[in-house]
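*Asks:* Starting off with a structure, shown below.
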Amino acid sequence: MVSEITHKSYPLHFVLFPFMAQGHMIPMVDIARLLAQRGVKITIVTTPHNAARFENVLSRAIESGLPISIVQVKLPSQEAGLPEGNETFDSLVSMELLVPFFKAVNMLEEPVQKLFEEMSPQPSCIISDFCLPYTSKIAKKFNIPKILFHGMCCFCLLCMHVLRKNREILENLKSDKEHFVVPYFPDRVEFTRPQVPMATYVPGEWHEIKEDIVEADKTSYGVIVNTYQELEPAYANDYKEARSGKAWTIGPVSLCNKVGADKAERGNKADIDQDECLKWLDSKEEGSVLYVCLGSICSLPLSQLKELGLGLEESQRPFIWVVRGWEKNKELLEWFSDSGFEERVKDRGLLIKGWSPQMLILAHHSVGGFLTHCGWNSTLEGITSGIPLLTWPLFGDQFCNQKLVVQVLKVGVSAGVEEVTNWGEEEKIGVLVDKEGVKKAVEELMGESDDAKERRKRVKELGQLAQKAVEEGGSSHSNITSLLEDIMQLAQSNN
């Protein structure tokens, strides 16, 4: 076992750099725990506010004897022109703060360099979020291998790789509505330019930041991916080949949350009493509930949220609807009460205003569908729980994930969203799916057609394969072993 080797011959020390956004930090904390369970000393470097988000989960891990420590560095907000209190990506109130935020984050290079000079034992490896290109300079200065973590699936990473190698494909498109086929792909898949992450050119300082991110990607030693071989074998194999063998699929990392409290508080403490939520679910028939959650950075316009609510109501099916970023949705709260919506659906609709215990909900036998924004964490959690998906992508890698879920894996139904919802421009787009469209999509997912039954069967099988992948002897468990052996050989050859 690698854990025995690391203790006896060479103590490995990994330093983890999560990006300051909820969807990026959650899996990175899981990765920290997975590696610590193998005897690797883990140091997580983050800012005070972000450290506080994971205090409970990490305290339990440390109390159980896992060798994890957190080092806090102050974000130089003022120096970067960022107003105080904007320590997380999901707390930014406007697009104008995006560049100052990234500037502040990458100004951490100097304090982190000082940390590395004093660290003991000397770090053997850096695992960095791809949004933190400054960690490449740290890795180079201290001659330490840097492993990248994107938080995306192999399907999406391979798509980005192919398009960067064949830039003329995007350059030759006549408009943002024109579709193109991704070449050299195991399946025929079409996209428009805005649907592909990092594909559109943005002028000025943001372009420079993106170029730094791409360059740091190219020069990293390898990549770890939160997926499992059995989920997307052709894409995992092709992406590994594209990375010269240095790509390790180690997921689903969420499965390290075996304790109920860890599942309930993964990412944030829930804004609903866990027992109240489970009691409500217990009262519903098996497979009857649709769980609706559009992520931590969803800011659909009020007009669209109303149509979603009315469609859920007209579907006549029980549902849980999570509205995060609640303070930004005061108008929706008013509509819930003023229109009578909350009163009308109270017997079969549970509204969670804030953070939900998502893993506990998805694992419950009464849940039979998941309406998701297709962020990779949520997508993978749904599949891992054996729940078919109703896809409603917004931006980033989410359209890639939808294509994988609906067209390749055939475990989901599209709500019909084709247009990218650019952050800060939601009102311009307006309603993309009306209440009839919502009702129809819910019926297609939750109904009793042959296709619906086949989707349920397929996703349950993929869920079982996920559980096997992380067990000893499984593909992801073995890949962690392989990664640690690789880094250990490097560490020994450097000393």
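Note that Cβ sites are derived from N, Cα and C of the backbone, with glycine treated the same way.
Note that the structure is predicted; figures quoted are calculated from it, not measured.
Summarising the annotation, Swiss-Prot assigns active site, proton acceptor to His24 and lists similarity to another entry as the type of evidence. Per Swiss-Prot, active site, charge relay is recorded for Asp129, and the stated evidence type is similarity to another entry. The annotation anthocyanidin binding site is assigned in Swiss-Prot to His24, Gly396 on the grounds of similarity to another entry. Here Swiss-Prot flags Gln358, His373, Trp376, Asn377, Ser378, Glu381, Asp397, Gln398 as UDP-alpha-D-glucose binding site, drawing on similarity to another entry.
Could you place these features in context, so I can see how deep they sit and what lies close by?
*Replies:* Around the Cβ of His24 (active site, proton acceptor), the same chain contributes Pro18, Phe89, Asp129, Cys131, Gly151, each under 8 angstroms and 6 or more positions distant in sequence. In the three-state DSSP classification, His24 (active site, proton acceptor) falls within a helix.
Reduced to three states, the DSSP call for Asp129 (active site, charge relay) is strand.
Annotation note: His373 (UDP-alpha-D-glucose binding site) sits in a coil segment as assigned by DSSP.
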*Asks:* Rounded to the nearest Å, what's the C-alpha distance separating Gly396 (anthocyanidin binding site) and Trp376 (UDP-alpha-D-glucose binding site)? Just drop the number here, would you?
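*Replies:* Cα-Cα, rounded: 10 Å.
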*Asks:* Rounded to a whole number, what is the top Cα to Cα distance in Å among the residues the record ties to UDP-alpha-D-glucose, namely Gln358, His373, Trp376, Asn377, Ser378, Glu381, Asp397, Gln398?
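*Replies:* Taking every pair among Gln358, His373, Trp376, Asn377, Ser378, Glu381, Asp397, Gln398, the longest Cα gap is 20 Å.
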*Asks:* Kindly assign Asp397 (UDP-alpha-D-glucose binding site) to one of the three DSSP-derived states: helix, strand or coil.
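*Replies:* Going by the DSSP assignment, Asp397 (UDP-alpha-D-glucose binding site) belongs to neither helix nor strand, so it counts as coil.
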*Asks:* Tell me the coarse DSSP state (helix, strand, coil) of Glu381 (UDP-alpha-D-glucose binding site).
*Replies:* helix
